[in-house]
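Feature list (source: Swiss-Prot):
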- 6-258: domain 'Pyruvate carboxyltransferase' (DOMAIN)
- 14, 15, 168, 197, 288: substrate binding site (BINDING)
- 14: site 'Transition state stabilizer' (SITE)
- 15, 197, 199: Mn(2+) binding site (BINDING)
- 18: active site, proton acceptor (ACT_SITE)
């Protein structure tokens with residue numbers, strides 16, 4: 001750590017959207033954002049779970065627009081930066097400009113781990129706006145560390161000043177994380193930061209985040225009570241407690257985080273965010289974590305096991321954006337019974 005302060009990036013109000021089918025009320029957003037700001041996290045990501053303009057038939061319709069959520073958070077935040085997520089092909093540079101005008105000052109431009117080349121326009125435009133611009137390589141387990149580093153180098157070349165290893169499937173272990181950060185550090189400029197976005201499907205969200213920091217990672221994503229897709233993200237309050245015991249500087253109020261996780265966020269979960277049969281299958285099969293609730297819906301509709309659908313999706317190497325294939329897979333499984 002060398003005494004540096006970790007950058008704590010909360011994702012409760014973006015990845016956490018998946019856990020409640022994108023149904024946060026504006027009052028939920030204000031309460032959670034204020035609690036995060038009071039506890040002094042560095043950034044608070046706000047958007048539909050699938051990023052700007054993710055509200056759709058394919059991904060699920062949100063209770064509010066991205067701009068309404070961003071404005072609600074920006075109204076109550078005094079210390080943290082408001083962040084948002086943009087997936088090229090879903091969100092556009094026009095959506096990014098609107099998010100900036102609503103109060104977002106950080107953007108994470110997210111692509112599949114082998115498709116960084118589609119992010120050039122969005123990263124360049126974010127830099128023109130003056131935003132803190134992050135490259136976000138989703139499903140990082142699906143390519144080699146060396147290939148991931150090449151993709152990271154592309155994003156850096158477009159203008160991203162921080163590149164994330166993103167374990168969207170919660171499928172990696174500590175060795176996987178170390179290998180990827182070493183590969184990134186070997187090719188990126190010394191001034192380019194790195195970040196870690198973990199999912200907890202194998203119960204390794206905190207351990208993987210710690211491994212990332214030990215390899216020089218600058219920014220850590222986490223969420224209250226792990227609120228996020230699948231078994232959730234690295235639980236913010238747990239990671240901070242572990243970081244504190246390691247003597248790492250994080251600048252946040254652990255007890256305030258613990259209180260907000262249990263008092264504000266956990267009561268909102270209509271399906272517990274935890275490692276269970278279905279979420280473990282996500283991590284074991286290496287499936288995009290936000291497929292969980294779509295798979296459970298399809299399983300109920302077609303009289304199937306959600307685990308069977310998830311495992312088959314893993315075999316077919318489906319990635320984020322292919323939610324429409326969940327029903328196809330379910331129908332194939334039903335017909336092959």
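Using N, Cα and C of the backbone, Cβ positions are placed for all residues, glycine too.
Between the C-alpha atoms of the residue listed as 'active site, proton acceptor' and residue 288 (substrate binding site), the distance comes to 12 Å. Residues 11, 166, 167, 168, 170, 198, 221, 223, 228, 229, 232, 233, 234, 289 surround the recorded Mn(2+) site, their Cβ atoms falling within 8 Å of the Cβ centroid of 15, 197, 199, which are themselves excluded. Note on the recorded positions 14, 18, 197, 199: the fewest other CB atoms within 10 A surround the CB of 18. Looking just at the domain 'Pyruvate carboxyltransferase' (6-258), the mean pLDDT is 97. Other than 14, 15, 168, 197, 288, the residues of this chain whose Cβ falls within 8 Å of the Cβ centroid of the substrate site are, in sequence order, 11, 18, 49, 138, 166, 199, 228, 229, 233, 289, 290. Across the structure, residue 288 (substrate binding site) and residue 199 (Mn(2+) binding site) place their CA atoms 10 angstrom apart. Distance between Cα atoms for residue 15 (substrate binding site) and residue 199 (Mn(2+) binding site): 10 Å, as a whole number. Here substrate is bound by 14, 15, 168, 197, 288 per the record. The longest Cα to Cα distance in that group is 15 Å.
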